[in-house]
Amino acid sequence: MAEMVMDQAQRPGGLDRAEQGLLGAPVPRWEGAAKVTGAAPYAYEQSPPGTVYVAIVPAAIGRGQVTGVDAGGAEALPGVLAVIHDDPRMPAGEGNSRAKPQPNTGRVYHYGQAVAMVVAEDGEVARAAARLVQVRYEETPGRFDVEKQAPIREHGLGFLPAIDKGDLDAAMAAAEVTLDETYTTPVHFPAALEPHATTAWWEDGQLTVRTSNQIAGAARKTIATALGIEASRVRVLAPFVGGGFGGKTGVGPEAVYAAIAAERVGRPAKVVLSRRQTAYVAHHRSHTTQRIRLAAGRDGRLSGIGHESVAAQNEIGEFLEPVPFGTLPLYAGENRRFRTDLVRVDLPATGAVRAPGEAVGTFGVECAMDELAHRLGIDPIELRRRNEPEVDPTNGKPFTTRRLLDCYTQGATRFGWERRDATPGSVRDGEWLIGMGMAAALRGNFTVEAQARVRLEVGGRAVIETDMTDIGTGTYTILAQVAGDMLGLPMTAIDVRLGDSDFPASAGSGGSFGAGSSAAAVALACEDVLAELALRMNAAPEDLRLKGGQVSAGGRSAALADLVRDKAVEGHGRMAPGKVSRATSQASHGAQFAEVAVNAVTGEIRVRRMLGVFDIGRVLNRRTAQNQAVGGMVWGLAYALSEDGVVDTRDGRFVNPDFGEYHVAVNADVPQIECEFIEEVDDAANPVGAKGVGELGISGAGAAVANAIFNATGVRVRDFPVTLDKLLAGLPPL
Amino acid sequence: MHFTINGQAYDADLDIRTSLLDLCREHLGLTGSKKGCDHGQCGACTMLVNGRRINSCLTLAVMHQDDEIVTIEGLGTPENLHPMQDAFVRHDGYQCGYCTPGQICSAVGMLDEVKKGWPSHVSGDLTSAALSDEEISERMSGNICRCSAYPNIVDAISEVAGLTPAEREVAGA
Ligand code: FES
Ligand code: FES
């Protein structure tokens, strides 16, 4: 076992000596052929023979108690095997990676909550029968309107405690210029294209669950807890996950349902949520109300900054959107206040969706900075430069790598920022009003423990095994690149096995910590392998040179396969956070730019181009990293313009829980988007020096679009998304 | 019931409510076509029926007994990729891969529609449709990619279509 605890900045030597030329290179995805041919198996596919179908019966009320279930009609349908509603292990409410499954008490916490299931021979019958299950309720009035609930200040929810440093009120009173504005963001659905799905089967008391989940190891524990069995009796498989975006970090009730169904009928069972069910049974991102206060001098220097918000959670949820998380280290200013208050509602659970905190928090702080720049007559980039802190202004810790200023400079040049006219509404192209906007991007970086195994097999191929998942993030590819580089093997000589909870435990995919942590664990496992190879070469590990399947040291050379002979070489790696992780302030950074055209007659908004320049530490694969960063920028675009989950405040239903009405970006919404990296290896982040990518692209992207709309039209919309009805009244005369 | 899929004959004993998509995924082991919504809203289930792209979740299997059906499995295999599949790999026109079979089938069907001269919403001239990035984006907007690999998807398709950089930039209207 090769181990690195991040007590100080460090890097495995084998990584620096690597000669294969894979790391960082834009190599195509390792699993690409499987994906483009449809051969890659997702959770609901390639089911074992005899698999039965489970359909969920959703609650038809927003709050209350189940008083009885009449399953007779459903049971009478040919093909129905069981209707299950009274099993105490059936969870009520949602799973979250940290939440304990709620026992089944018949309590209804929200509309659409799973309250029963039908098990049938085929999917059509199961779905039809689910509609025949008669559930009786005792209904109680629900809290469905977030605006009408009184915020709770002392709630203990979430990982981010309230921060009050200095005296913001006094700073506001004394400042030459102040800004005090409130911004709101709506409910956002993660809406991964693959709906949540699980296939479960029992063999000799052992449960195997193939599920669409971001974190296989945590899922194993949660499922075991829910079923009241030892974790060692559960195996979770998630080799391919059709997108997660936070919505698959926890174990949904449907996964436990599948296990219970399989046990009850003695056959493998599978379940998939319908598109609309995903909105209710999986968590969403809370709406937020964000009050931003900025106290500044006429030179733009901040003396105070406040980011105080309200976000929602239901009665049993334990998560709270950490709205100001990205604001904490962003700008200087002595007096600082950050808090998020809670409103309790009777709606589906809120939870972590791509960049919890920053994705919506940047709408507040980055639009506010744009407004302040406008009021002061200072360029928005210059205003940000003047407030760039030396150390983390909230906790005083030193930054590890922070290239934010370089991102601004490089981005401004590349985007042609100097061509921007600072007077809103002054640039026209026919009937279109043209504007440019920018915003800072910041996403906190986490160091999370991870392990991996690398085995050089007889014949000279390498096999990587970890319970890490690839949810579209490029994990298969980057892990193969790390091992290939360090062991001197081409991509084609490497097998990557992921998403199996029997493999060494990783951090899973979430919080953008997956790539750095799992790549580090693989790099360390390779160090372990190299140590054994050095022994066999009778050389020091530092003297080994590995390339193209050949090892050389001290003038001698051997094929890797010959060195392995008939004895495979297995290495284990483990990386864990340590002193330097706690003593420093770490984040990925970037600068976002957008150019929009707003139709002067109709108010229609088109994004013409976007550019992101990002500081993500070491770039592990330029192509997959760019793709992910651009994908995040597209999310920002859609958050700015169209994504808007609407609650019917009469009964707690969602008005638009599907792709027909909840508008994610489609191809025609998206221009060609450019993305660049400023690469500085961050040796304090983890042993491969990579910081998070997946959530950085969304941070600030939407604010850049909103700021561009202001520059185009002179209309400042603070209630997101910015739709044409909110612009029309304020558009300049034709 | 009898079906011809990817040139192969299949027999299946079906509930008549079974969609063409579920026929393939749940009865014939052809799980390459994906289900993202089951409502014609996402395009993940796109197949080619008699050469035309359709949302296979919106049509009943029983209606297609005499049709030529091509799914992603019929376009290419991992060892022998169709040019569109190969372009998606090289341009990284995906992330999670769940929309990808639908995108690829849709792109193949779409290029054929352009060849036949069918205009789109953004076509400047309704009688002679010329392909451009804008046309590709418009015509591919029935295929949602939540990972949002859209720029790379457009790159891949425009390469297969053989567009020059100048042709790619032509605006329609
Ligand atoms: S599954 Fe058919 S369009 Fe979405
Ligand atoms: S690749 Fe994930 S939805 Fe398109």
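Glycine is no exception: its Cβ is also placed from the backbone N, Cα and C atoms.
All TrEMBL annotations are machine predictions without curation.
The domain 'Aldehyde oxidase/xanthine dehydrogenase a/b hammerhead' feature in TrEMBL is assigned to A:37-141. For A:1-20, the entry in TrEMBL reads region 'Disordered'.
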Same-chain residue ranges lying at least 6 outside the region 'Disordered' (A:1-20) that approach it to Cβ under 8 Å: 400, 447, 482, 484-490, 520, 523-528, 530-531, 541-542, 544-548, 571-581, 681, 683-689
DSSP-assigned states of the domain 'Aldehyde oxidase/xanthine dehydrogenase a/b hammerhead' (A:37-141) in counts, ordered helix, strand, coil: 12 helix, 36 strand, 57 coil
For the domain 'Aldehyde oxidase/xanthine dehydrogenase a/b hammerhead' (A:37-141), mean pLDDT (0 to 100): 91
Tally of residues which DSSP labels helix, strand or coil - the region 'Disordered' (A:1-20): 5 helix, 5 strand, 10 coil
